[in-house]
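Chemist: Would you mind keeping the following structure in view while I ask a few things?
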Amino acid sequence: MTDEDYPTDDPAVVTCGLPYPTGDLHIGHLRTYVSGDAFSRALRKLGQETVFVSGTDMHGTPIAVQAIEAGVGPLDLGLERHEQYADTFEEFSVAFDTYGHTDEETNVELTREFVGAWEDNDHVYETEIQVAYDPDADQWLPDRYVEGTCPYCGEHARGDECDEGCQRHLEPGEIEAPVSTITGNSAEYHERAHKFLRLSDFQEYLEGFINRMEGTNNAKNQPREWIEGGLEDFCITRDLDWGIDYPGEGGDDLVLYVWVDAPIEYVAATKQYSERVGTEEFDWASVWKDGDGEIIHVIGRDIIQHHTVFWPSMLAGADYAEPRAVCATGFVNIDGRGLSTSKNRAIWAAEYLDAGFHPDLLRYYLATASGFERDVNFSWAEFAQRVNTELADAVGNFAYRALLFANRNFDGTPQEVSLTDDVETEIAQAMDDYEDALNEYDLRTAGERAVALARFGNEYIQHNEPWNLDSEAAAPVMRDCVQLVKAVAVLLQPFLPEKTETLWAQLGEDGRVSDATIADCLQAPPAEFGEPAELFEKIEDDRVTELDEALAAKIEAASSEDADGEGMADETADDGIELEPLAEDDISFEEFQALDLRVGEVVEAEGIEGADDLARLEVDIGHEVRQIVAGIKQLHDLDALPGTRVVVVANMEPSELFGVESNGMVLAAGEDADLLTTHEDSEPGTKVM
């Protein structure tokens, strides 16, 4: 691993978090995989040798529980879903170099080697712990076989993770008020011998690693409290029939915890790729063992702890190389509300395709709607608006009018004229901005820069009006325009892989745009090409209305089913809220204007010692960074707040709470202190009207 900018001389391995084979894929899943794919393609554009891998997470309690319910074996169910996922990824042009699964022999053998190395290096020990047990079912209750209350934040939690609250990993025996998911009865805690990875051995290492690690701010900031607060050792075994048997002594009736073998699949998938192409072409060991490579993990933000605490320790304990970067994507909301599979407030991958839209349109939307770490809001109206204005009007309109005019008047690219200095400078600047954005792990800006180049082209052709010029005067204008189209095709390829191949062919280029690098943006286009076709169709308002009505109908159907007692409990239920009555006294517009509401960005968040509910926030409001006290300590994961855009009352009188001065107020809704955020990315300091 180096600290040089991309592209480096060493190869890169980009990974995506492994999906559990427990249900169909929706756009919340696709956001991570599309982002990982687009980033991999973009690195290749820079000339960075890149391998892109992932796989299906076959083991653990989620698949075991579903297999029992379906009356099939977990392997059969897992393999069926694995094939479905592979097909879906292919449909959306998520092109893994290897997409394996954790039950393959390569991963099983590597996992055994990892555990053996930990034992050889004295990082593993056995101890008695409290484990949940269901006396009625006569069964141990690992992970998702038990639910209860998170001991850290008090939210409802699964046995191994506080998925609804603070997102912490939970060790066996930690969950309070345990309930068996098998019988619904209260569980008991019994002592049981289990194996632990001694994370405390890696305390000093992790403190250094988290400072070296690149990636998104949430991935870099969230683990600091866990690491700096002292690490608890990691239970690596479970009482379960499904999984990889513990390979060492004293673990005959135990399997490895799913979060042991799951990330090792990154290594296994890379090794499988290396074996397929030959080690002379790509040597997996030089990257993963020798450190001669750039390892980049693209994950959902709910598994940050696993990838910034557990996984680096696992690698270090087996003498493997560390990751260079962890990029954690935010969630996807639907119409401004949390995606909920049980309420069917979701857009499923198959449902999107059935609606007749090209996969590239959703790829572009998900990869460029916000920065990596921020939540994306999906609505059919916003989807249509972005397709129509950014793709159809900006990219498609420019490409079509430029290539059509060039074809009809010059049979292709005008010859005997050179690219003008101004346009060459504009393209070169776009290339530099694109490269800078990727080195900041900023896909959104990279995509925006490509679309901005198309907008520049539209303005350029409109300003120069080649249709009003004679052939000699029009030639340099169209030479510039065709070059701009080529540059746009190259830069947008990571986001629109199929559509840009079509555009590349319309340009008369040989080969594929996927093989082009950023340097090709300034290489002369072919002298001849045919008449183009339009790349994008606009989405009409009537179609948006149809889609909105269909979404509302399926949500209503799921709600009715739930009311009848047939649906699942919803983790994001929002029914039955008792609203506060509206204020009886009106205020004047002048009174409202007295409030100075500003967009702010949380820079730092920490609990106030001695206060149950109060947190100290450092909030950037554009003009300055303000210290603000907010009653959100128990209601939000403070480590995840940096980078969040909030609305601040900037002209509140200063006050002092628990000895801490507060210079403003952060607006939040309801008893859960739901922080008010901006729909788009308004800059800190923007006035809220």
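The backbone N, Cα and C atoms fix where each Cβ goes, and this holds for glycine too.
So Swiss-Prot says this about it:
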MOTIF     19-29  motif ''HIGH' region'
BINDING   Cys150, Cys153, Cys162, Cys166  Zn(2+) binding site
MOTIF     338-342  motif ''KMSKS' region'
BINDING   Thr341  ATP binding site
DOMAIN    591-689  domain 'tRNA-binding'
Chemist: I need the neighbours of the Zn(2+) site defined by Cys150, Cys153, Cys162, Cys166. Which other residues of that chain put their C-beta within 8 angstroms of the C-beta centroid, in sequence order?
Modeler: Pro151, Tyr152, Gly154, Glu155, Ala157, Glu164, Gly165, Gln167, Arg168, Asp637
Chemist: How many whole Å apart are the CA atoms of Cys153 (Zn(2+) binding site) and the residue listed as 'ATP binding site'?
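Modeler: On Cα coordinates alone, these residues lie 24 Å apart.
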Chemist: Could you give me the DSSP helix, strand and coil counts for the motif ''HIGH' region' (19-29)?
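Modeler: For that range the per-state counts are 3 helix, 1 strand, 7 coil.
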Chemist: On a count of neighbouring CB atoms within 10 A, which of the binding-site residues Cys150, Cys153 is highest?
Modeler: Cys150
Chemist: Which secondary structure state does DSSP assign to Cys166 (Zn(2+) binding site), in the simple three-class scheme?
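Modeler: DSSP assigns Cys166 (Zn(2+) binding site) to coil.
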Chemist: Can you work out the mean pLDDT of the predicted model over the motif ''HIGH' region' (19-29)?
Modeler: 94
Chemist: Report, in whole Å, the straight Cα-to-Cα distance of Cys162 (Zn(2+) binding site) from the residue listed as 'ATP binding site'.
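Modeler: A Cα-Cα distance of 18 Å.
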Chemist: Between the binding-site residues Cys162, Cys166, whose Cβ has more other Cβ atoms within 10 Å than any of the rest?
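Modeler: When each Cβ's neighbours within 10 Å are tallied, Cys162 tops the list.
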Chemist: Give the helix, strand or coil assignment DSSP yields for Cys153 (Zn(2+) binding site).
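Modeler: For Cys153 (Zn(2+) binding site) - judged by DSSP and reduced to three states - the answer is coil.
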